[in-house]
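Data block below; observations after.
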């Protein structure tokens, strides 16, 4: 697990408050279309946005996804332009899409690390100790008692014209069995977990939303110290 750096400056180019929207459960394609609309608005001088939502069940593949990592049962997959590999979205998983104009000089890896740090702090607020794993993006519960490292939150983004799209997903009380048909995030030697699985009680999306929103905004604006680790899962098209 990572050591900690000091506080950072805001990574946003703008100073206006981030517009936070809770969309409820929304189709993946509809949310993707909305992201692109908001990104164009941001590029034209509009506000930063943070979309929080759930998706109906869907598999999405990042640009680095390999053929053998896709569902073995032929389940449809939406191919996306984000970084990272294949993952699952569905009910019980809180998804966040920050549409943010990044400050110069662009530091995309630092942006990803801020998202990771925000989710680490959210997990800690529930009493779940998490951190980073060197060379692997996302947020992890360390292996214990014969169990492997377990991913509790995934991150995959794209940056185009200094503006971010896609984002993160944290498992609250989702069906972890849905990950069984794929190699989640291309990592075959690790597991997947959720807040509910780690705590032994139901932790629904509604209980997590406000904590995630606050932590992400704090991390983007430098109010949360950053740990030290590399962060793959980035696709940059400046």
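The backbone N, Cα and C atoms fix where each Cβ goes, glycine too.
Annotated features in Swiss-Prot:
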ACT_SITE  185  active site, acyl-thioester intermediate
BINDING   82, 83, 84, 85, 86, 87, 88, 89, 154, 155, 156, 167, 168, 169  substrate binding site
DOMAIN    44-224  domain 'BPL/LPL catalytic'
SITE      151  site 'Lowers pKa of active site Cys'
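Taken together, the residues in the domain 'BPL/LPL catalytic' (44-224) have a mean pLDDT of 89 on the 0 to 100 scale. Reported as a whole number, the C-alpha separation between residue 88 (substrate binding site) and residue 151 (site 'Lowers pKa of active site Cys') equals 12 Å. Secondary structure at residue 84 (substrate binding site), taken from DSSP and collapsed to helix, strand or coil, is coil. Cβ-based neighbour count (10 Å, all protein chains) for residue 154 (substrate binding site) stands at 26.
When other Cβ atoms within 10 Å of the Cβ of residue 82 (substrate binding site) are tallied across all protein chains shown, the result is 24. If you count neighbouring Cβ atoms within 10 Å for each of the binding-site residues 88, 168, the highest count belongs to 88.
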